[in-house]
There are 2 protein chains.
Amino acid sequence: MSQCKNHQHCIDTAISNALLACQEANVRLTPLREQLLKLIWKSHQPLGAYDLIEMLAEVSERCIAPPTVYRTLNFLLNVGLIHRINSLNAFIGCTDPSTRHPSYFLICTECQTATECHNDSLRQQVSHIGTQTGFRIQQQWLEVLGLCQNCQKL
Amino acid sequence: MSQCKNHQHCIDTAISNALLACQEANVRLTPLREQLLKLIWKSHQPLGAYDLIEMLAEVSERCIAPPTVYRTLNFLLNVGLIHRINSLNAFIGCTDPSTRHPSYFLICTECQTATECHNDSLRQQVSHIGTQTGFRIQQQWLEVLGLCQNCQKL
DNA sequence: AACATTTTCGTTATAATATAACACTATTGT
DNA sequence: ACAATAGTGTTATATTATAACGAAAATGTT
Ligand SMILES: [Zn+2]
Ligand SMILES: [Zn+2]
Ligand SMILES: [Zn+2]
Ligand SMILES: [Zn+2]
């Protein structure tokens with residue numbers, strides 16, 4: 001939770017964003033989907049699918065098998081409510097699901113905090129590369145590993 | 001091989017680059033390592049570890065188990081002779097192992113060709129984000145999925 | 001050459017991540 | 001009430017990756 005003062009606010013915002021996004025997309029935020037999204041938002045650290053399975057088991061007594069979790073994760077990915085961190089096989093909440101955008105993250109190797117990075121110059125630069133090379137961009141991920149400001153001090 | 005006229009030249013260059021890089025780093029390019037690197041350079045498409053195991057079996061009659069291949073892949077990664085495409089769990093040859101650089105790729109979803117992208121403006125832009133946010137960058141990957149020029153025509 | 005040291009490779013077992021296939025239940029629209 | 005669709009449960013299995021340990025090869029030193 002390194003970078004937020006009131007993490008409950010992050011969670012609340014995430015859920016209300018999710019409700020809006022689902023309404024917009026005309027899909028349903030079922031209890032399971034909402035519960036998983038809340039678990040993902042428990043921290044600002046990417047979580048693996050099997051971490052989430054364990055968390056679900058603890059929280060709700062229900063033992064949910066991998067296919068169900070992966071289905072739900074894919075739903076959240078498709079609606080744009082979460083991102084996948086490919087270098088970690090892990091998932092993290094999107095801080096702005098209102099508009100589709102590439103997945104750019106700064107990930108601290110010390111505290112594991114992943115910070116989404118909405119940077120238009122960067123986006124334009126990538127887009128420019130596409131134009132230059134005649135490549136029609138469909139999807140993109142940038143994952144930057146390193147030390148966040150906090151962890152450099154330690 | 002989409003973007004190259006003479007792919008044998010790509011392979012030859014890769015091997016001589018590898019010899020140089022290993023000399024420079026004072027490490028050995030053993031037969032196994034060289035063989036694996038050549039297999040990776042068979043095409044401009046990222047290959048999975050288990051693809052490579054199959055290819056090794058076909059080429060050399062030797063049946064090499066996963067740990068050996070992963071060890072060798074990690075060696076090649078560490079020396080900077082190959083890159084890992086995280087979104088595909090796959091590996092591809094580096095087009096310029098002479099200097100360490102981030103892993104930026106354009107990957108065609110149709111023909112699977114992955115083109116390494118040495119773009120300084122992009123690199124500076126990412127570096128700038130690091131400076132702005134006080135994040136000390138250690139490693140980075142950009143993976144752009146889409147359609148290459150060739151595949152758009154089809 | 002003989003030996004110790006280090007590096008590389010082989011082998012077995014297993015961990016971690018992800019999906020296929022099919023059945024059942026809940027929701028929605030008529 | 002019914003049919004159609006969407007969501008979830010369940011079993012089995014595929015795919016990707018590593019731990020642990022021992023044998024072999026290369027390297028450096030007497
Ligand atoms: Zn927070
Ligand atoms: Zn986002
Ligand atoms: Zn080529
Ligand atoms: Zn490279």
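Note that Cβ sites are derived from N, Cα and C of the backbone, with glycine treated the same way.
All annotation found in TrEMBL is predicted automatically rather than curated by experts.
Taken from TrEMBL, the feature Zn(2+) binding site covers A:Cys108, A:Cys111, A:Cys148, A:Cys151.
Residues from the set of binding-site residues A:Cys111, A:Cys148, A:Cys151 situated with their C-beta under 8 Å of a chain B C-beta: A:Cys148. Annotation note: A:Cys108 (Zn(2+) binding site) sits in a strand segment as assigned by DSSP. Taking Cβ-Cβ distances under 8 Å and a sequence separation of 6 or more, the neighbours of A:Cys151 (Zn(2+) binding site) in its chain are A:Cys108, A:Glu110, A:Cys111.
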